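In what follows, a structure is listed as structure tokens, so that the remarks can point back to it.
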Amino acid sequence: MGHVVIDVMLKPEILDPQGQAVGGALPRLGFEQFTEVRQGKRFVLTVDGEVTDEHLAAAAEAAEKLLSNPVIEDVVSVRAEDPDQ
Amino acid sequence: MKVGVVTFPGSLDDRDAARAVRAVGAEAVTLWHGDADLKGVDAVILPGGFSYGDYLRCGAIARFAPVMDALIPAAQGGLPVIGICNGFQVLCESHLLPGALIRNDHRKFNCVDQRLVVENTQTAWTSDFEVGQEITIVLKNGEGGFVADEPTLDRLEGEGRVVFRYAGDNPNGSYRKIAGITNERGNIVGLMPHPEHAVEEGYGPSTDGLPFFTSVLKAVVNA
């Protein structure tokens, strides 16, 4: 089985209240050095056999069509996961 | 006069929407998410709730339900459609309306009697209001922050397509306090607050929701 990993992030200019909530909690745990937190989404799509270029192209299309909303989000990466991992 | 109300898995306010339709003397028709069939209705309501559990993004999965395959071209052809709360999110995800709804800036679920100013009475759903009229209906959501890029916001303002704006403090961080918008043609309206909860004395903060439904009856009769 192969895996395609897709990362989606809110666009930098879009407010991220979830990231802000996480960012607000870090100092309470002693992590004072982080000035901002942005939270994103990772999708892992599984295919039979090895990941092909066709799989990657289809995954990129799915990422634009369903997995992200281009009004507020960017598809940061679409890649095959190393099968040894 | 038949008004369809779509039920998605996780819709909550479909029954109230149907009741509001009947309150103004029209027939409410149940539309099922899994059927690409509008059953010959004259207008459609996408109700509030949490379609598909709000998984992925609010409205993102509902946007690809079979009923939307029939609704999207019909709406583009002029069928009056209103999206309320989750329905507004579905309309934005469908690109029938611009922008998107994100989590409230204060991160809390809102449930308040919300004052709004009506700014556009040329739409299919707002002709029975007066421009500048202030109304109070319920706002209840966790992800009601309307966002869009600056050119889109400027275009909405310039074309008079901001239909409702929050009065008083901004309840959720919506850009320019936008509560509801319309498309170029004025047949599609989306808003976060809930007119269907404000159509009967004794239930809800007012009966300010009624004109939404009387307006669309006139729009259909005059079409």
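One is the number of the first residue shown, and numbering goes on along the chain from there.
Heads up, the Cβ atoms here are built off N, Cα and C, so glycines get one too.
Feature annotation from TrEMBL assigns active site, nucleophile to B:CYS85. Marked as active site by TrEMBL: B:HIS194, B:GLU196.
Rounded to a whole number, the distance between the Cα atoms of B:HIS194 (active site) and the residue listed as 'active site, nucleophile' is 7 Å. On its own chain, B:HIS194 (active site) has B:ASP13, B:ASP16, B:GLY48, B:ILE84, B:CYS85, B:ILE137, B:VAL138, B:LEU139, B:LYS140, B:GLY209 as residues at least 6 apart in sequence with a Cβ closer than 8 Å to its own Cβ.
In the three-state DSSP scheme, B:GLU196 (active site) is classed as helix.
A simple way to gauge crowding: the CB of the residue listed as 'active site, nucleophile' has 29 other CB atoms within 10 angstroms, across all the protein chains here.
Long-range Cβ proximity for B:GLU196 (active site), meaning a same-chain Cβ under 8 A and a gap of 6 or more residues, is found for B:ASP13, B:ASP16, B:ALA17, B:ARG19, B:ALA20, B:ILE45, B:PRO47, B:GLY48, B:ILE84, B:GLY209.
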